[in-house]
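Features reported for this protein in TrEMBL:
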type: BINDING; residues: B:105, B:155, B:159, B:230; note: FMN binding site
type: DOMAIN; residues: B:35-403; note: domain 'Luciferase-like'
């Protein structure tokens, strides 16, 4: 008996393979339109969660696949008013942004989507990325501390308005109760933030925080996203994360009628080889993919990275999600992931 | 009429351009009115955006303030507070609207240029050319306490930073050539060679090396709004802005402002029609003038409430005045001599000093006119930004303004939601249309086209 999994999918660009744009059946520039995003979000409607990979740099490296890319937070926000209950997880990079803006943007995404926001935390440290904000690399432990501090700040800010802060008491003329809106007075290694947030508490209380495995900030996350090249390594990492959810990243290229996956991959790789990202990669049939999912021990979910979105996402949605997907009842992403809604840590301070 | 010099010739065919400036917070919202609903919900924003499209408005314009206003160290309780990030909210609205321009107020002091330019460009592409950016600055360390570098920028240099910031953003937005992206998936590469030039800025105020990740939108780049009324603000507007969101609403002030701005434009080699002037204004409509006046007085009294009168004086006195009766005389205690703190929001430069003199003048005024605390508060609060009258009266007045080229239209600030806007759409817009001074259908699809600005 195989267990069901929480299934997520990445919707970045034309797909995870660098040459995906050549096989998407549309002019290259159309990936940068609202229409393309609308179609991608529609195709992903059966998943629990859609992610939007990102970086401050152009997509596709520096070779022939170097391509444009819309900022992930705006893509997720655009998807917020589209129908459906898909969770929305933009990648926002902690090292090239203001923690206060980042927390505001995510809280706003949660309001606009009625509780469907998540955040894939990135902590990029390459020189070209940092140069976009004139920053220098921190290195090692300081880098990890910086990412952790940004997450802690965001979490404090999301709690800074208690759920019942707005009172609208006409008799006294008070719109809100100042005892329920709090300074956070966060002081970290490289920055401090006073608070409160400029946005009221998000519907989920806390946005779902998804941390990449290599950042090693599990204690600040709700989900850890594991990139490991074989099921044993995934299982080993999952064993260390028993207190939070574990999702494994799986890159997929699937058999199409008359077009075996291996042939498709060879054709793509003829243009640009698909570099190893350290993730699991499945090249083959849907059945083979279902077998791979059965082999994964200790994970709660999987995030698929389709090689060519236009070709592989429909198969995932039509054949893998119904066979193996799990969705818990509920309207918010937390409910659908089985995560509790945390009370504000400031709530107990109110008399 | 011939004596009016706005720096542009009288135009009998001029149109009124309308936008809505939705601050999302502040004392102008009458939150006690059951019609206000949930000012924070996406449904309210969607309702407004669609109403404005029905009214053929140019733009829906969101405010921003990067710290929640306070009164003596605690969050101010009396005003509507809490609002979304503007670019996030407008990106959500972009998916559910077709025509309305989407303008985000964003700060140049507490943002990174490449990051903000990229988010604005993303909104511009997702909305297919409907994005705008209202460029603002902050110079107080109180707001800076929410950001990595704190209150790092001295007052005198905030427009220097803003100018360099905007120039970096423009360089990024213009860095891809028009034919950079391959037209076909058969092409050798996604983009032409050299399509991704680096933009490098090295100064003590702006330091970046970045590559734009996006091409120009259908309108070229986001439309730039500028609101500052100081000399630095006006220079930034004349150098870089497409629209000014001024505070000069009375006809005389509007004429003087237009003349000043157009003289500056000429000095920067720009034409008089390369910049739209859209002052902020509230509109109060009635079937008769008397009804409108009565409504305006009710609105004003709701906005200038008794609890706010006490909070207003507390800001100046620097102490707890909650024991005083707003209907009684001014406090008999002396104010502290501390400077005004910025925690109630923007304080104009003129108001930063001379607090004790101002309080002394208020005492004299209150004695002369026998004013209570509340009476004084209402007496000294500005009144000039409202247009009050019948739809026909206001239409006549606005047609006069735009034909004289004193303004190109207005950014309306709502106070009751949505009724203060439905009134304009349903009653005032038709009057303007009858006078040939308002579009009867959208002629273009981009914000730049709505504003009748020359192409980039």
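Each residue, glycine too, has its Cβ placed from N, Cα and C.
A map of TrEMBL features onto the structure.
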residue : record           : Cβ contacts under 8 Å, 6 or more apart
B:105   : FMN binding site : B:61, B:62, B:63, B:64, B:86, B:134, B:136, B:227
B:155   : FMN binding site : B:139
B:159   : FMN binding site : B:137, B:228, B:230, B:232, B:233, B:235, B:236
Requested in this report: Give the three-state DSSP assignment (helix, strand or coil) for residue B:155 (FMN binding site).
Outcome: helix
Query raised in the report: How many other Cβ atoms are found within 10 Å of the Cβ atom of residue B:230 (FMN binding site), counting all protein chains shown?
Result: 14
Query raised in the report: How big is the FMN site in terms of the longest C-alpha to C-alpha distance among B:105, B:155, B:159, B:230, in angstrom?
Result: 20
**Report entry** Averaged pLDDT, computed only over the residues in the domain 'Luciferase-like' (B:35-403)
**Finding:** 93
